[in-house]
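Visitor: First the structure, then my questions, so here it is.
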């Protein structure tokens, strides 16, 4: 019986050998396919990170992302947090807009410690502002100061200060257009206060404060204490404006500034109050 049993056992042995040969073949494609994914995951996990801030209105958010991730991916994350669609976002880095969504953060110039300015509004906020404007008779919001019976520049108290003229050291003013206030613009010199004394505005972003300094004193004003900013072009010299900073609860107290460069009015409102103040 031994000779007859041998042929019967042979197929079983051959089947085991076949399985042993075929198993590496079936595993090889799976391992090859997994390798790129593992490499990608490893690269993402060990990739260089960049830490920066995103400022939106009065809120400042700390962010940390892969240096070689895309600007478009950052905008997607911002949309999840703020509700502002990517296509409605405008990100400013050191005064320049980040327009290329396919650029990496590295290529876009985003470095450790830099602060990005986010400009944009969620559709719901825009709709609410439009509805409020319509309900109020189509007013222009806070961009333009409310009309008064007598032009602000002709009122006695203001006319007295304006009669002193543009102070020495004032920045050149531009009428009829707005200019972005980049991070390099940290102060506005050559202003006058309501007493006619020369003062300088200094922006302390790290403290979220605006410092109003004269030769004798410095007043430190938190951004959060400013509820509204009004402006009026100086009659006959529209390159400069009169500003009123509304302070405290309800904005009952106002700090007056004269010969503020008109092109930076919108930038000041965005910096302190957020883009919603322009709607």
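Cβ atoms are placed via backbone N, Cα and C, with glycine included.
Feature table excerpt (TrEMBL):
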COMPBIAS  1-15  compositional bias 'Low complexity'
COMPBIAS  16-28  compositional bias 'Basic and acidic residues'
COMPBIAS  29-40  compositional bias 'Low complexity'
DOMAIN    71-125  domain 'Ubiquitin-like'
REGION    1-40  region 'Disordered'
Visitor: Within the domain 'Ubiquitin-like' (71-125), count helix residues (DSSP H, G, I), strand residues (E, B) and coil residues, in that order.
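Guide: Secondary-structure composition of the domain 'Ubiquitin-like' (71-125): 18 helix, 12 strand, 25 coil.
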Visitor: Over the domain 'Ubiquitin-like' (71-125), what does the predicted model average in pLDDT?
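Guide: Over the domain 'Ubiquitin-like' (71-125), the predicted model scores a mean pLDDT of 87.
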